[in-house]
Amino acid sequence: MKLTINKNSAKWMQLPRDVLVGHGVLEEVGDVCRDLKLKGNALIVTGSTTQDVAGKRVSRLLEDAGNSTETVLTCRATMEEVDKLMEKALNTEATFLLGVGSGRSIDLAKLASTRLEIPFISVPTAASHDGIASSRASVIDNGKNASIQAQAPLAVIADTEIISAAPYRFLAAGCGDIISNYTAVLDWELASRLRNEYFGEYAAALSRMAARVVIENADSIKPDHETSARLVVKALVSNGVAMSIAGSSRPASGSEHMFSHALDRIAPKAALHGEQCGVGTIMMMYLHGGNWQEIRDALKKIGAPTNAEELGIEDKYIIEALLQAHSIRPDRYTILGNGLTLSAAEKVARITKVIN
């Protein structure tokens, strides 16, 4: 049988080449760079706290391996910071970047390295969201949150000893980000049926599997447990791979993420991204007619927020975010359609007990 190839169906899938997850794997950073033939000057992007947690060790280990290093401390994930990083990388003739942190540093290194067309390595110090292995970067551009296509990390080095020592709130937020895959995939399927949008079965299956693993193990995800950190990190890496396979964030970002981004815009003090996505997933699963109680119960077992009070956000902002969510990404069709009415928003929030 002759195989016919449709060139228009070809997709570019960029995946991490090396993924190290486990106790003490940070010590392997020099070997990873040798394996990947990364030589010369390394620019380490980190924060004031994560520099002490892992950044200084990464610098020492790379210098022991024969690399020279420079370190940049970041404070905000903005396009201005990306521009500064690019300038620093050019001035120091950096041949590769490392993002060492819980999210911001990784996203900045990811985007700067993409624009400079040089590799970068992701070194997460917490497992709070799936950006640690994805080809998307979340930054503030012109005062608004933006999710920008970028390159996937060439390697991910996730030391569970470090990650399990981070505040448990970050790990619980990571679980919320993973569990949100369920409604993201349902939205994707809906867009495929109603708008004839491309739907990737394999990416969707991988995304669902990651969410299912977290829900089925919700009872065993506890603070200070490296086994919990390992499980969550692997699921977050799976999320990143699913998005790379799909060529978009569709497998892991739908109406629940739009709700979270709307909260970021309007709430005086937003919660963690994964926390907001988890609460959003409860409500969006209700709109899909699914088992929203299972989502809520899993988040409760994990210790993640399930309502506005636990998020530290007033009820009125939850309602306003529901009303605005559909407009966050007008090109992305979800269960929100053209938007909820005020009465519908209040109904879903009250029935799911997100507000009182």
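The chain as shown is numbered from 1 upward.
From the backbone N, Cα and C atoms, a Cβ is placed for every residue, glycine too.
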Listed co-binder of substrate (same site as D130, H261, source Swiss-Prot) among D83, D177, D187, D315:
D177
Looking at NAD(+) binding as recorded in Swiss-Prot, which candidate out of S68, S134 goes with G103, R104, S105, I106, D107, T125, A126, A127, S128?
S134
Chain-internal residues near D130 (substrate binding site), provided their CB is under 8 angstroms and they sit 6+ positions away:
G174, D177, I178, L236, N239, G240, M243, A252
Which of these binding-site residues is closest to G103 (NAD(+) binding site) if you go by CA atoms: H257, H261, H273?
H273
Check each residue in the chain of H257 (Zn(2+) binding site) that is at least six apart in sequence and keep those whose C-beta is under 8 Å from its C-beta; list them in sequence order.
S180, A184, S249, C277, G280
Output the one of D107, D177 that, of all these binding-site residues, has the highest number of other Cβ atoms within 10 Å of its Cβ.
D177
